[in-house]
Amino acid sequence: MAIPAAVIAAGWIPFVVVLVLTLLFSGFYVRYFMSKYDSELSTTLTAIFALTVTLLTSALVPVDIFLVSYMKDTDGRFKDWANSSAVRDETENTVLIAYYVLYGIIAFCLFLLLPFMYFFYEEKDEESTCKSRCCTASKYSIVCVLIAATFLLVGAFVPTRSNPNSNSTEWKKIEALFGDMASTGIEDALSFVISIFSLIGMLGILFYTAYGMSVLPLDLVRGQESAKKERMQTQAEREENQRKRQSLRDKYLNRRSFTSRARRHEDNLVEEDHLLARRERHLIASENSWFHKCFFLLRPFEIVLGVVFFLLALLVFISLLLTNIDKAMHSLGYKSGYALPERHLPNPVDIVLVYSQKVFPLDYLMMVGIIAYFVLCSMSGIRRIGIWFLWIRMYRIRPRRTRPQGILMFCMILMFIVLAVNIVLYELTPQYSSFGSQHYVNETARNTTAHSGDVKQCTTAVSQDFCVVTRMTLLLVRFFYKMWVFGAAYYWLTWVFLGTFLLGFLIAIIKKRRSAISGEVDEDDFDESDDEMIRG
């Protein structure tokens, strides 16, 4: 029996809608942060494409979960159209291909497109031609391609753990997964590369997402400083600065009589006054803007949104903590990547999502909301912290001031993080991410009318003939078993994430309220860059 059109429409039409919205959001976001004076069409389009693909990778997860859930009725039996295993395989293979395509595009972006465009822009000057820039960028990009080839070869040929014996206890605990355990060398190679990327992304989550989750709610609740108050403080600082400069001039008859130390001191005071003057101009523009005058109307909504984000962060923290404790007590151990066959401890987010599937598309919207929340917190963290290499800040992400290289690096970091977000989603909602709302009829009651006591929630211990696991979970757990070091690393990094979140929350409490012109003024800016912002 063919897959009903209603199933295809219900699963994929929302994904198409999300695709369009994601494309629009990516275009707006990149244009909003890209510097007007440094922007180039090629880098702008590349950044929009990379950001769109990144967000779509996570948007595919709700489609995956919806399709496996929609195969069954509430009584635990497959629907008529899903009775055939061939139809179920066709449905899931479509999702699996979509995952591989998106992951392949991400690998292409990370290893070739983004590095090429980064170095292509770096070579821009008045004398260089497009051909010379392409040649130089290609030389640097070859290094990234060689790294990619090395990863693929290692992933294809590195020894992996073999499947368990079909009569073993280990098989019985994860039978639903190992029914689909077969994979090719190409799949193992791609899985290895994606696992490396996800491991890097977990470091990004520890550094950026955890801090974003901590500081974003508090920033919204506390709001920003008054533009008028900041302007008065800035004017007072300028007056003090001018007093110091005048005192320095009075001490020496003219600049020629300045000592080298006094000359450096005066130069510093001049630069400081220049920066304060720019701050004052921006604060006056902000104070007189229509948005500032109407901001008090939006303030209650900002506080409510901050409270909602705080409660969501608390819920995510509790759910991850309970899942990790559950894994510590009931998982298959580190040699299986801490795979959890069945949930034993209550997980608030997991439970809410499973039961919300009774009202379509409530769970779909909630899952998209959770994914969007993680992405938003990651973006917020990158904006506030900036892009660093060791102890050197490379780029700041600021509205209409970010250099194209910074935008490309931002997209690259976000790609790594979103790949890791898929793993965090599995950690956060192990039951819902694996089986959705699926139930099955007890094998002893298969030939009788199902009663409430005979219908049970699907687990990995149930054969794939009765429960269909999502492709996301299959990809993750299959590789966790074959190369357990990745699963174990993700598990322990989740503990570190919980600790980092608490540390970030303490830092966010100590920090003062953000400036009314946060991100608009920096000592490295040039004067002409003020024109557009003050007019805007």
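Backbone N, Cα and C atoms are what each Cβ position is placed from, and that goes for glycine too.
Noted in TrEMBL for the protein shown:
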type: COILED; residues: 222-251; note: coiled coil
type: TRANSMEM; residues: 12-33; note: transmembrane segment
type: TRANSMEM; residues: 45-71; note: transmembrane segment
type: TRANSMEM; residues: 97-120; note: transmembrane segment
type: TRANSMEM; residues: 140-158; note: transmembrane segment
type: TRANSMEM; residues: 189-211; note: transmembrane segment
type: TRANSMEM; residues: 303-322; note: transmembrane segment
type: TRANSMEM; residues: 364-386; note: transmembrane segment
type: TRANSMEM; residues: 407-426; note: transmembrane segment
type: TRANSMEM; residues: 489-510; note: transmembrane segment
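Spatially, the transmembrane segment (489-510) is adjacent to the transmembrane segment (189-211); three or more Cβ-Cβ distances between them are under 8 Å for residues at least 6 apart in sequence. Using a Cβ-Cβ cut-off under 8 Å and counting only residues 6 or more beyond its ends in the same chain, the transmembrane segment (407-426) has close neighbours at 30, 33-34, 43-44, 46-47, 50-51, 53-55, 57-58, 61, 103, 106, 109-110, 114, 117-118, 121, 194, 197-202, 204-205, 208-209, 320, 370-371, 374-375, 378-379, 382, 387, 394-395, 397, 433-434, 472-473, 476, 490, 494, 497.
As a whole-number mean, the pLDDT of the coiled coil (222-251) in this prediction is 80. Under 8 Å from some Cβ of the transmembrane segment (45-71) lie the Cβ atoms of residues 7, 10-12, 14-15, 18-19, 22-23, 25-27, 29-30, 34, 78-79, 82, 88, 91-92, 95, 98-99, 102-103, 105-106, 109, 113-114, 117, 357, 361, 363-364, 367-368, 371, 374-375, 404, 407-408, 410-412, 414-415, 418-419, 421-422, 425, 432-433, 435-438, 468-472, all in the same chain and six or more residues away from its ends.
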